[in-house]
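Enquirer: Sharing a structure below in structure tokens format, with a few things to ask.
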Ligand code: PEP
């Protein structure tokens, strides 16, 4: 089963309009024509339109960092799937650990968002991962398994193949600590097995699994060469075109 490598840049709450468009243009202009890697930029919601203008007609895709799982209505401050697709998004990050920790997002919330994303023709990138304490207590597999089951609740085989899972150990996000390729591969293989148990081997073999957590140009090649690592979700290093392009080149 060949899975196309997917490198997504999660800009989080960074940039201003000019910095966002310069960064997007830097990625578009620096992308090698022969690159087989799928590239997605996830800017802050307010800059999606400006970044869309930079990437439209190029191989670079666009993604949201979150969505609200309801149709249009009285939900002040929220953005739904229809709005994301309307502005040009093909992807949306869901259940990022920062949203789980800071905004109290639960697996049930993520599951609702997942179904809204799929109904809106967005590819969901569903994030799971354990904290340092959970890893030290030997709970990594249990935590990842619970998050995965809760977040994918109600998902059927037909739609499962099109989703993306990002394994992002919380202790490696923005800390400079990276899971070793062996540590990351072990959890990715575990996730693939869980998906196989739920959706069958064929579907599980089609689902792309990204690693996220301090991915940089210097460690990307080894991580991306692992059997079950099909891409990266990149935070800090996606804010500099040169670094992000270095990660893409390693894919
Ligand atoms: C992330 O937030 O998704 C992430 C992986 O961040 P960083 O690359 O900065 O660790």
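Placement of Cβ uses the backbone N, Cα and C atoms for every residue, glycine included.
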Enquirer: Could you look at 34, 35, 196, 214 and say which one TrEMBL places alongside 10, 11, 12, 174, 235, 236 in the substrate site?
Expert: 214
Enquirer: I'd like the Cβ neighbour count for residue 235 (substrate binding site), meaning other Cβ atoms within 10 Å of its Cβ, all protein chains included.
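Expert: Looking across every protein chain shown, the total is 21.
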Enquirer: What span in Å does the substrate site cover, taken as the longest CA to CA distance among 10, 11, 12, 174, 214, 235, 236?
Expert: 14
Enquirer: Tell me, which recorded positions from 11, 168, 174, 214, 235, 236 are within 10 Å of residue 96 (active site, electrophile) if we use the C-alpha atoms?
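Expert: Candidates kept after distance check: 168.
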Enquirer: Expressed to the nearest Å, what is the distance separating residue 236 (substrate binding site) and residue 168 (active site, proton acceptor) at their Cα atoms?
Expert: 14
